[in-house]
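Since the structure comes first, as structure tokens, the remarks are kept for the end.
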């Protein structure tokens, strides 16, 4: 009789596929996982606590660093919450700018996901293809606000910078280019037998489990639940545009993959309409009091970030600083299902499933 | 040189053998240096990058710089590692990789050892490298390395079987295990080479060979995104270089073996092109195989370990055996 023992393996915090400093302790029986314990907090910076000593404009740069792959949407959720609390009007041009950068950001974020996910699965080239195309979006943002990753672009009541001359035309040119590239991605990767064998039926859960775990974004929609805040609870100008919410059926990694790529296409559709309807010159900053003091009270606002529902809960006592600021981070919430999914899977599937959830550690740890 | 092998060993012969060995070693090292460079350039072009272009003209000295760096790097051995085995493993991996090259014939006249069981010798020796990889993984006393080593053992054992059986068809057709006569017997026209009559065997051989080489899509033992680096995660400096060297020497060996077994060795594709020296044809075929190996690295994702096992035992092995059967039937009906 051979004596076998379980192997306790520490995946991370320094591991190439945990997308940052995230750690999972797995118990392995051969290559099969019998227990998985995620350990979070290696990138915790106390954003919410820090925010209690800052005024609202000063908090915006901190939101950049939360979901650093999609900083525009995190910018937006804070500004939107404060505006809603104070009942501020945002000029139409500013709202259009916000919507355009948010949709561009969604495309960029999904491109990062697509590249790194295939890198996890072992295909090297898609990563470079994705980053080549993401670079165009980053350059557009760079032209707009001078930063490539942490934009600090939005303000309560509008946006900081107007579009420079020719910027909208560049966005317009980018849309057909990206549509072509999306077809190229599908040609290159989506039909690959090895790739399909790797992700089909992996990391499966049903709609009930997904809702019980509070999942959102592509993780929820892959089970067939039609829940996209842009459609379900329209904010910004999303009710003006036509777009579809791609849904999955099986709730596996393959569905999540297809949904994310389809979301890129839908984002491009929104962008196309937004660029067409883009209003003429005007203010990009609304009438905002010099010191932003939301009235006493509480407010929760949720929007659809590329990763799911990102929410901002403000408790104000009528001062310039929030009494308490709470972010609902989709990466953190979506990650909670991981230990359940991992039991009984192989070590290889750990990477596939973790990648499929699409986390950003900056957002998980906040 | 083959004749000398049969004579009694004198100091003069021993010196000559040694010299030939050194020449082959230099050729192989040169190949490895520029294969790495070539791989990086090829993959770079496929990925809209430039590849190495800083060290030397067109980056030609990049690999030299890398090797120099590895040479002068501190050689660390983990405190809890099994010291003797840890030191032995890289050497044990490299020696068989180099030794198998002895039986490769390059042209009608240019070859080192003309052994009658050349193919068997190749297969038998290359199996030893598996042990070295397990040793390396085990002695590092690292969990990732152990997993990598174990995966590698499972993979190489299950792919050696279809690899060997897939070449049985070739052996049956040519009636010899001698690599030189196998290459020699393939016809003057390119459709008479073994790869077309033995198309099933050829495909199985290529798949199994890629797996034996631990290259994408079968690079599980060193799956970077899962096992960090696999069995050589604790190795640094020149010991690490030896593992890398082994891998590229096997690329050389497999490319040469494929050329000899399936692509007609030094034969020209058409008889009227016979005036071109055989070595040129050999090198052309050899380079295309090497290019093919690099090409799929830039294209394919990695297969999962259970799928790998399933593919090896449930698909490749039956297909390889079927190929042997079909070849036997063909020979019984038409060749006799």
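Cβ coordinates are placed from backbone N, Cα and C, and glycine is handled just like the others.
A TrEMBL annotation is a machine prediction, not a hand-curated record.
Keep in mind that what you see is a predicted model, and the values were worked out from it rather than measured.
Among the features that TrEMBL reports, transmembrane segment is placed at B:14-37 (among others).
Annotation comment: TrEMBL describes B:85-107 (among others) as transmembrane segment.
What TrEMBL lists as transmembrane segment is B:119-138 (among others).
TrEMBL lists B:159-177 (among others) with the feature transmembrane segment.
Feature annotation from TrEMBL assigns transmembrane segment to B:189-210 (among others).
Here TrEMBL flags B:249-269 (among others) as transmembrane segment.
Annotation source TrEMBL lists transmembrane segment at B:275-296 (among others). With a threshold of 8 Å between CB atoms, the same-chain residues lying at least 6 positions outside the transmembrane segment (B:275-296) that come near it are 35, 38-39, 42-43, 46, 106-108, 110, 210, 213, 215-217, 251-252, 254-256, 258-259, 263-269.
Long-range neighbours of the transmembrane segment (B:308-331) within the same chain, counting only residues 6 or more positions beyond its ends whose Cβ lies under 8 Å from a Cβ of the stretch, are 154-155, 158-159, 161-162, 165-166, 168-169, 172-173, 198, 200-201, 204, 207-208, 211, 218, 220. Here TrEMBL flags B:308-331 (among others) as transmembrane segment.
Tertiary proximity for the transmembrane segment (B:189-210) is limited to same-chain residues at least six positions away from its ends with a CB under 8 Å from its CB atoms, namely 159-160, 162-163, 165-170, 173-174, 182, 217-218, 254, 257-258, 261-264, 267, 269-271, 293, 296, 311-312, 316, 319-320, 322-323, 326-327.
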